[in-house]
Amino acid sequence: MIFVQQFEEVRLILEKAKKITVLTGAGASTESGIPDFRSANGLYADANVEMYLSRGYYNRSPKEFWKHYKEIFQINTFHQYKPNRGHRFLAELEEQGKDITILTQNIDGLHQLGDSKHVIDLHGTLQTAHCPKCKTGYDLQYMIDHEVPRCQKCNFILNPDVVLYGDTLPQYQNAIKRLYETDVLIVMGTSLKVQPVASFPQIAKREVGATTILVNEELTGQEYNFDYVFQNKIGEFVEGLSSIK
């Protein structure tokens with residue numbers, strides 16, 4: 001009964017909210033089959049991965065960088081992944097006229113493929129790369145088709161649009177600005193272990209006074225920063241919310 005009541009309350013909150021902000025992490029994409037790179041058995045468990053994905057390594061050895069980049073993110077098979085029920089749910093909220101912005105730590109681009117229009121890619125995206133000289137952009141298929149992708153105009157080795165270790169977060173200020181405007185913050189599928197994103201729930205609740213909602217299979221240690229906590233997969237949460245009439 002309490003669980004049903006929580007769903008009812010959250011549904012009403014979303015109906016009344018003027019501005020909804022959603023923070024998503026790996027759990028938003030694992031239901032599409034994408035591995036959680038930060039899990040115990042994930043690719044980030046390799047001690048060398050941070051070095052291979054660093055700005056310094058790209059600058060020193062761009063050809064070797066691209067070899068490891070493609071292996072780590074398995075980009076040759078990335079087309080197989082499709083948006084799941086959670087991605088579609090957020091796009092549907094937007095289609096209903098809600099002012100919704102997604103702040104995602106994911107680099108897979110599935111929110112955009114799922115038709116969400118207002119997405120801030122905090123850690124960049126695997127879907128594109130660009131020429132460091134002329135800034136011409138290239139898509140995922142171009143990266144797949146070329147062992148070491150180069151600009152067709154300048155012949156420079158492309159720069160991936162993923163935020164590398166050693167980079168700043170170019171979208172951080174835009175994310176903070178949105179947090180201070182929001183009525184509701186929904187955190188979905190993230191363990192909230194990586195700063196500065198881990199501070200977002202506290203900012204939303206303590207400084208902004210927004211209603212905060214957590215949807216994550218495992219506890220994060222930040223439950224005190226949330227008004228509602230759903231220890232579920234995102235798909236389960238969406239189905240529970242959809243069942244409330």
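Glycine residues also receive a Cβ, built from the backbone N, Cα and C atoms like all the rest.
Within the same chain, the residues at least 6 positions away from His123 (active site, proton acceptor) whose Cβ sits under 8 Å from its Cβ are Thr104, Gln105, Asn106, Ile107, Val162, Val163, Leu169, listed in sequence order. Sequence annotations record features per position, and here Swiss-Prot assigns active site, proton acceptor to His123 based on sequence analysis.
According to Swiss-Prot, the feature NAD(+) binding site maps to Ala26, Thr30, Phe37, Arg38, Gln105, Ile107, Asp108, His123, Thr190, Ser191, Asn216, Ile234, an assignment based on sequence analysis. All protein chains considered, the CB of Ala26 (NAD(+) binding site) has 19 other CB atoms within 10 Å.
Annotated nicotinamide binding site per Swiss-Prot: Phe37, Ile107, Asp108, in sequence order, evidence recorded as sequence analysis. According to DSSP, Ile107 (nicotinamide binding site) sits in a coil region rather than a helix or strand. Of all the Cβ atoms in the protein chains shown, 21 others lie within 10 Å of the Cβ of Ile107 (nicotinamide binding site).
If you look up Swiss-Prot, you'll see Cys131, Cys134, Cys151, Cys154 marked as Zn(2+) binding site, on the strength of sequence analysis. Counting only same-chain residues six or more apart in sequence, the Cβ atoms lying under 8 angstroms from the Cβ of Cys134 (Zn(2+) binding site) belong to Cys151, Lys153, Cys154, Phe156.
Marked as domain 'Deacetylase sirtuin-type' by Swiss-Prot: 1-245. Looking just at the domain 'Deacetylase sirtuin-type' (1-245), the mean pLDDT is 92.
In sequence order, His130, Pro132, Lys133, Lys135, Thr136, Gln152, Lys153, Asn155, Phe156, Leu158 are the residues of the same chain, not among Cys131, Cys134, Cys151, Cys154, whose CB sits within 8 A of the CB centroid for the Zn(2+) site. Calculated from their C-alpha atoms, the gap between Cys131 (Zn(2+) binding site) and Asp108 (NAD(+) binding site) amounts to 20 Å. Residue density at Cys151 (Zn(2+) binding site): 20 other Cβ atoms are found within 10 A of its Cβ, drawing on all protein chains shown.
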